[in-house]
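**Student:** I'd like to ask some things about the structure below.
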Amino acid sequence: MAKALDGVRILDFTHVQSGPTCTQLLAWFGADVIKVERAGAGDITREQLRDIPDVDSLYFTMLNHNKRSVTIDTKHPEGKQVLEALIQKCDVLVENFAPGALDRMGFTWERIQELNPRMIVASVKGFGPGPYEDCKVYENVAQCAGGAASTTGFDDGPPVVTGAQIGDSGTGLHLALGIVTALYQRTHTGRGQRVLAAMQDGVLNLCRVKLRDQQRLDRTGVMKEYPQYPNGTFGEAVPRSGNASGGGQPGWILKCKGWETDPNAYIYFITQAPVWAKICNVIGKEEWATHPDYATAPARLPRLKEIFAEIERWTMTKSKFEAMQILNKYDIPCGPILSMKEIAAEPSLRKTGTIVEVDHPQRGKYLTVGNPIKLSDSPTDVRRSPLLGEHTDEVMAELGYSAEQITALRTAGAI
Ligand code: CAO
């Protein structure tokens, strides 16, 4: 079946996580993604966090599906020529090197434009222009600089980073959107352009509601849905709000049956206003449905701690799945705290292709997260990541190099 990005060729100069998540998505949508790696070593993640000696790590395999790998020494004069040929043949160059690395290699925007004016050059950097633009950045640095860490955690503890890779994978998503948008604009203008997704900007975009709250705090000095109200105190900046919901419907994480031994026996419970009477019925506090201290959402705000404690007395009598079943019957919004073990075994996620089992010639079968974005006319089939340089000869031949030329370039150390 045809794919949405059939015919689009990507020169994938990415490494580690942020860039590879972007190009993996483009590959799943049908683009031909040619990953250029350093001869002999390759993407550093191939050897990071290995669980099997001398075999590409899960870190690498789970970020580089459906790509081809070629090894080129792009600092070698003849290697540079191969890269130039690739630039002429591809539609998009994606990179996430440290600031200035591409320029130092001799591939400035101007040079790339000379070679291929239709080329879209897409970059992940830690920061946009400004005081930190030259800094190297990893995931948690971006979470801290983008406002996520200062607003995550509990009031009485230090800033906390989240397990969701919002700096790396989040920025990869932003970059992918920028790339397909630039490809669309090119259909009208015929011109390439530069696409920049800075990790700080991507994290901040995902923390938009916290900048909303900063301005509410500046104006009123208090935010009534935060756990600091009414007993705690607010400072000048948006505080960490524990497990409070970021929206207008108060929520909290509550213990379920088995919490004493199971670290994930919890449920997220939202006291959504339209179903308040049903919540009161379920937990056996019918009188709260009409009592003036509890009947309305504003009346409940100063009493959230007491209210959630009462609801928890009920959730502690049920497993998280039993509680889900009962609450869903009444349309009460809630969600079980699922462990990675539970998610990995979830049949519905296997069925939709969100979790996929992949076979790899060196490591055997492993699980990965498939394409989370489903297109009805462009289904994703997840194929294993390439071995280092697996497609060098194939891609070189497509660029017009003869077998003799390929051998000579290999002998010279250019590929
Ligand atoms: N042939 C020859 N040289 C190559 C090459 C190839 N095929 N591929 C890369 N190189 C060279 C680069 O040109 C660069 O050389 P110079 O330092 O001489 O310019 C060098 O390899 C290293 O690149 P780097 O500086 O990007 O790599 P690093 O490991 O030192 O830094 C990282 C890694 C992630 C901190 C940095 O790339 C970065 O800040 N990237 C932007 C932000 C980003 O994406 N961060 C998220 C990473 S995921 O957690």
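Placed from the backbone N, Cα and C atoms, the Cβ positions cover glycine too.
Reproduced below are the annotations present in TrEMBL:
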BINDING   Gln17, Ser18, Arg38, Asn96, Phe97, Ala98, Arg104, Lys136, Val137, Tyr138, Glu139  CoA binding site
ACT_SITE  Asp168  active site, nucleophile
BINDING   Gly247, Gly248, Gln249  substrate binding site
**Student:** Just name the most isolated of the binding-site residues Gln17, Gln249, going by other Cβ atoms within 10 Å of its Cβ.
**Tutor:** Gln249
**Student:** So which of Gly247, Gly248, Gln249, listed as binding-site residues, have a Cβ under 6 Å from an atom of ligand 1?
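**Tutor:** Near ligand 1: none of them.
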**Student:** Rank aside, I only need the closest one: which of the binding-site residues Gln17, Phe97, Arg104 has its C-alpha nearest to that of Gly248 (substrate binding site)?
**Tutor:** Gln17
**Student:** Given the recorded positions Arg104, Val137, Glu139, Asp168, Gly248, and counting only Cβ atoms in the protein chains shown, which has the most within 10 Å of its Cβ?
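**Tutor:** Counting every other Cβ within 10 Å of each candidate, the maximum falls on Asp168.
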**Student:** Work out how many Å separate Val137 (CoA binding site) and the residue listed as 'active site, nucleophile' at their Cα atoms, rounded off.
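**Tutor:** So the Cα of the residue listed as 'active site, nucleophile' lies 10 Å away from that of Val137 (CoA binding site).
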**Student:** Checking the spread of the CoA site as listed (Gln17, Ser18, Arg38, Asn96, Phe97, Ala98, Arg104, Lys136, Val137, Tyr138, Glu139): what is the longest Cα-Cα distance, in whole Å?
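**Tutor:** The CoA-binding residues span at most 24 Å between Cα atoms.
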**Student:** Using DSSP and three states only, what is Asp168 (active site, nucleophile)?
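**Tutor:** DSSP call for Asp168 (active site, nucleophile): coil, neither helix nor strand.
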